[in-house]
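Below: the structure, in structure tokens.
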Amino acid sequence: MKLADVAATSTSLAATSSRIAKRRLLAALLLRTAPEEVPVVARYLAGELRQRRTGLGWRSLSGMPSPAAEASLEVLAVDAAFERMAGLAGPGSAGARTAIAAELFAAATAEEQNLLRGLVAGELRQGALDSLLLDAVAEAAGIPAAAVRRAAMLAGATEPVAEAALLAGSPEAALAALEGFGLAVGRPVRPMLAASAPDVAAALAGFEGREVAVDAKLDGIRIQVHRSGDDVRVYTRSLDDITDRVPDLVEVVRRMPVQAAVLDGEAIALDASGRPRPFQETAARSATSDAEVAAAVGLTPFFFDVLHVDGTDLLDAPLTERLAVLDRIAPGSVVERVVTADVAVAEAAFAGWVAAGQEGVVVKDTAAGYEAGRRGSAWVKVKPRHTLDLVVLAVERGSGRRRGLLSNIHLGARDPDGGFVMLGKTFKGMTDEMLAWQTARFGELAVEDDGWTVRLRPEQVVEIAFDGLQRSSRYPGGLALRFARVLRYREDKTAAEADTIDTVRALAAPAGD
DNA sequence: TTCCGACAGTGGGGTCGCAAT
DNA sequence: ATTGCGACCCCACTATCGGAA
């Protein structure tokens, strides 16, 4: 298959907003794809390259040759080119990589270049990614979408499932082939995700008075651990294998009284008293492959679910049953939990854990199975929320559907000694109406424009919600907001009434930096 | 007919490792 | 030695489509 066929489909996808039409386009192309090309074409349609890391990014693509007039590229040849780039390392590799990319781009038409840029940058913007592709695979194979989804979630990947379903020959054979994608120890599944609620009462309200499990939510990194005998593998949320970087986690799981298990949990750095360290320390520890750092800062696993134990799959077992198994096999390594139907009890647990340095709670349906890859309503997270009234110092032009609008705002706290201290940026929480309003408003306040960032007279106050403060080397106050989002613009306050940097510092102090 | 679940999009800060400067 | 880039941890929120109610 020509890359041009994929590029044309991508263009058509972007041109319609109908999901049914998108599904049809995807299915049509999959049906025209040769068997050996299915893994590549499926990946490209989902907006990704097959290579996890190519070393080529958005920045490296500036200065690529102008497009070719005629389409000539074959998808397998393109995949091979990226494979060569991914294999490069050492001095001179960046130049060699750019050379391969330049050759590729020189052979690509304008439409193909668009596709390639989108794939490299991970921003295809065709309105269809992995989920819609799975639906299209189901349509092309003539089988229910649920079967394809479940297989992909358990396989931890779409391509092998697409391949099996499309090459089966008949719907019956396809369904039978997908049955083979059960949970396998040693092959990570997509983790179950949580929806969110503003507070504990709202989270419990969704369960209509039934008993729920309320887990402490730890501010670390998600881990999925597979054990088979003495072989232990540790995977991240995106199913990256990080076993080599986390020997302390491997040791804990090796000591468990089981032969085989698949566990879901969180790894976190603790201080000497067992209190959670700031997320930044857990992140630094889990990202490094430096053995000295790894030895100096310990990581501790805390599990909250179990998907398999000694030959028994627990995916479809109710949470209550899974927790009973977990408590038996992982004593001392289980996330703190209360089981209750009482809002007051849940709220007290939330307050206690937050005071102890945890991130919040996850409220769980005790009857639900483990819904791999889904962000359903069976798990609901709640975190404390802080707010500040800050001043907009500048605004950046938006892209994509925000093109032509002033989007990403720079946030500053008032400095009592004069001026403002920038604490971060945000583009979150804005409705289309707010975007239109702020585009007009900031046009009035503009004092300088470099074509991307518009500097403003510091007059507009905005109420910002955020999860906490973190150490920053980027911003002058040494502090940055974590997960900042807009709640509302405050037209009842002047910049002189905005919160001060002293208030922000006082908020940060208890965190222990 | 209305409601709501699921998806895609729009980007945020921080961290590491690596290659280039 | 420092800087820039790529990759990947953590992530919130809104608009939209289309099936469910």
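All positions are counted from 1 along the displayed chain.
Even glycines carry a Cβ here, placed using N, Cα and C.
Since this is a predicted model, take the numbers as computed values, not measurements.
Long-range Cβ neighbours of A:GLU266 (ATP binding site) (same chain, at least 6 residues apart, Cβ-Cβ under 8 Å): A:LEU218, A:GLY220, A:ILE221, A:ARG222, A:ILE223, A:PRO301, A:PHE302, A:PHE304, A:VAL335. According to DSSP, A:GLU266 (ATP binding site) is assigned to a strand segment. Here TrEMBL flags A:ASP215, A:ARG222, A:ARG237, A:GLU266, A:PHE304, A:ARG375, A:LYS381 as ATP binding site.
In the three-state DSSP scheme, A:LYS217 (active site, N6-AMP-lysine intermediate) falls into the strand class. The Cβ of A:LYS217 (active site, N6-AMP-lysine intermediate) has 22 other Cβ atoms within 10 Å, all protein chains considered. Look at TrEMBL and you will find A:LYS217 tagged as active site, N6-AMP-lysine intermediate.
Among the features that TrEMBL reports, domain 'ATP-dependent DNA ligase family profile' is placed at A:302-415. With helix defined as DSSP H, G or I and strand as E or B, the domain 'ATP-dependent DNA ligase family profile' (A:302-415) counts 27 helix, 48 strand, 39 coil.
Annotation for A:ARG237 (ATP binding site): spatial neighbours A:PRO191, A:ILE221, A:ARG222, criterion Cβ-Cβ under 8 Å with sequence separation of six or more. Counting only the Cα atoms, the space from A:LYS381 (ATP binding site) to A:LYS217 (active site, N6-AMP-lysine intermediate) is about 8 angstrom. Mean pLDDT, taken over the domain 'ATP-dependent DNA ligase family profile' (A:302-415), works out to 96 on the 0 to 100 scale. With the fewest other C-beta atoms within 10 Å around its C-beta, A:ARG375 stands out among the binding-site residues A:ARG222, A:ARG375, A:LYS381. Listed in sequence order, the residues of the same chain lying 6 or more apart from A:ASP215 (ATP binding site) and placing their CB within less than 8 Å of its CB are A:PHE304, A:VAL335, A:GLU336, A:ARG337, A:VAL361, A:VAL362, A:VAL363, A:LYS364.
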